[in-house]
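Read the structure below first, then the notes.
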């Protein structure tokens, strides 16, 4: 089921939650609405579901104006962050709830619920109550309940936000596999950029009720359209052209790459910076001020005294070990990766 969001606006009092939003969601795709709290993501999700009404604009579902559609007739499954399971019902009864409202036969309900329990890998827990389940299990039950009515669209509002990191990672992979099996048009709201990158076919970046950028995860990361998008997706070094280091860094790029000198700042990712123990004409001395091990890479805060500038640098453990530093007081030398992409510059 395709969804067209046509010039949607919404205010709550004086707060502009959504400001002329236009977005097309293809049938069978999985889209992440990414942005900070209060940026309008959940408001848009509720408008699509029919839980809220826009002040302006139209939602089109499969080419039809959904303005007059009831919540039930939209055939949309909705999963909230807090699961919204019925505490006094068993897992089985929670999943069966929507089917019973549709007056489906007992045998068909039993068959479908058992099939869904197997799908979410909880086939032996149908007799338990929500309080007897872990957070990850409760979220899978909430998803099973949403899928029971065979929705054409699945809406997920921060579905993994209340779970610990390991469970979130496992559920992200599980959700992606689930989507590949059923190809239900899915919209997930998240403020977690890693979650959006792992799950979505496309990411829609929200900021203050507006869309900043729409694109595939890798395109959003490699070619951010605005400083906000660049900063939202990972660490960034923001460097002013007023600092002499700008000329040094920009001179590292091939001449064929354009430089828009009227712009006042440019942005560069920490992994685009190289550090070494060897001095040469294309690098400058620096010192490490802080080090943080983060899984399979190391985050360094370095200070380049010649330019009075602090930089964030990301290197692999092997690259760091090759430096053979005895202390942080030793000089290191900074340059750019020769095959790295041009830093993205913005007018501000």
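Glycine residues also receive a Cβ, built from the backbone N, Cα and C atoms like all the rest.
Since this is a predicted model, take the numbers as computed values, not measurements.
Record features, source Swiss-Prot:
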DOMAIN    3-233  domain 'ABC transporter'
BINDING   35, 36, 37, 38, 39, 40, 41, 42  ATP binding site
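Reduced to three states, the DSSP call for residue 38 (ATP binding site) is coil. Each of 191, 206 belongs to the same chain as 35, 36, 37, 38, 39, 40, 41, 42, is absent from that list, and has a C-beta within 8 angstroms of the C-beta centroid marking the ATP site.
Fewest other C-beta atoms within 10 angstroms, among the binding-site residues 37, 39, are seen around 37. If you take the C-beta of residue 42 (ATP binding site) and look for same-chain residues 6 or more apart in sequence within under 8 angstroms, you find 157, 158, 189.
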